[in-house]
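**Q** One structure, as structure tokens, below. Some questions next.
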Amino acid sequence: MATSISLTRYLVEQQRAGGLIPAQLRLLLEVVARACKSISHAVSKGALGDVLGTAGSENVQGEVQKKLDIIANGVLIEANEWGGHLAAMASEEMDGIYLVPHRYPQGEYLLLFDPLDGSSNIDVNVSIGTIFSVLRKPDGERRVEETDFLQPGTRQVAAGYCIYGPQTMLALTVGAGVALFTLDREQGSFVLTQENLRIPEETREFAINMSNMRHWAAPVKRYIDECLQGRSGPRGKDFNMRWVASMVADMHRILSRGGVFLYPWDRREPHKPGKLRLLYEANPMGWLVEQAGGAASNGRQRILEIQPTHLHERVSVILGSKNEVERVALYHGAR
């Protein structure tokens, strides 16, 4: 029987292999993984742990917070603030950045996260997850500022997500492909179950909320309409639609077997370039997809090359199988 490889061993081996992961980053990723295990435990309790329902508050985006949103956010902060690996954190659930208190050692990294993506699905027991991204803080001894987080996705040094479903699984990249780990609940550790995930360039599946079709721009309408025409249309093949309304769940499926995920701009909020957050969702997922051989675009530009202008910036998102993403970009007139 093959020896199982734990997340810790995997990270140590990556550290040894040409210094892909500095020691401080390795330790940070282990702490993030432990926090995800705690969140998984809280999620699995459901009604028995009094963690379902709303918290009676809103986040900076004006969205009603679930109890588990707040619990997961607190778990990630408390787990990471004292280890000496971080200088500051930013979360979809917080207005501003969280500076590591002076009483703790200051590290060289910045951690960004969506503590519980897809939280609208919590009460109906659909897969949800945590998305995270790691950046280096700028050089110097000065205190970290919000502008230090406004780095394009190309500067990420690690990114991943943890999905809480029938199994708890962790997808991770440090710039050398995507590895997938499964939580062994008996051992209490994440175990490597797949390396070098690859998204096929061609697909017959798309993920989008079709109920919003009347609000989309013409290029997205054209793309979806051609997919729906199936074998008798210009694409010459039948497509299936999949939509979980949980980005982590939809993207996990696409990383596992291919597909394209679209969350486009729509006319209901024309002043906003999209719905999903660039720093907490689009950048980490975009890097994972690219590391698996896929593509990530907002329709006109590679997502990872977008220069953020504020902490909670939103973007239009097209992620997944390379040929489909490029087709949607072509319809938008992207070069």
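From the backbone N, Cα and C atoms, a Cβ is placed for every residue, glycine too.
According to Swiss-Prot:
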type: BINDING; residues: GLU92, ASP114, LEU116; note: Mg(2+) 1 binding site
type: BINDING; residues: ASP114, ASP117, GLU281; note: Mg(2+) 2 binding site
type: BINDING; residues: ASP117, GLY118, SER119, SER120, ASN209, LYS275; note: substrate binding site
**Q** What whole-number distance in angstrom separates the two most remote CA atoms of the substrate-binding residues ASP117, GLY118, SER119, SER120, ASN209, LYS275?
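**A** With ASP117, GLY118, SER119, SER120, ASN209, LYS275 as the binding residues for substrate, the largest Cα distance is 17 Å.
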**Q** Other than GLU92, ASP114, LEU116 themselves, what residues in this chain have Cβ atoms within 8 Å of the centroid of the Mg(2+) 1 site's Cβ atoms?
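**A** For the Mg(2+) 1 site the neighbour list reads ASP69, ALA72, ASN73, SER91, GLU93, PHE113, PRO115, ASP117, SER119, THR130, ILE131, TYR280, GLU281.
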**Q** From the Cα of GLU92 (Mg(2+) 1 binding site) across to the Cα of SER120 (substrate binding site), what is the distance in angstrom?
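**A** Roughly 15 Å, rounded to the nearest whole number.
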**Q** Would you identify the secondary structure of LYS275 (substrate binding site) according to DSSP, in three states?
**A** coil
**Q** For GLU281 (Mg(2+) 2 binding site) and ASP114 (Mg(2+) 1 binding site), determine the Cα separation and express it in whole Å.
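**A** Counting only the Cα atoms, the answer is 7 Å.
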**Q** Do you know which of the binding-site residues GLU92, GLU281 has the most other C-beta atoms within 10 angstroms of its C-beta?
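**A** When each Cβ's neighbours within 10 Å are tallied, GLU281 leads.
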**Q** Sorry to bug you, but what's the C-alpha spacing from LYS275 (substrate binding site) to ASP114 (Mg(2+) 1 binding site), rounded to the closest Å?
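**A** That comes out at 14 Å between the alpha carbons.
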**Q** For the recorded Mg(2+) 2 site formed by ASP114, ASP117, GLU281, name the remaining residues of the chain with Cβ within 8 Å of the site's Cβ center, in chain order.
**A** GLU92, PHE113, GLY118, GLY129, THR130, ILE131, TYR161, MET247, VAL248, LEU276, ARG277, TYR280, MET285
**Q** In three-state terms from DSSP, label ASP114 (Mg(2+) 1 binding site) for me.
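**A** DSSP assigns ASP114 (Mg(2+) 1 binding site) to strand.
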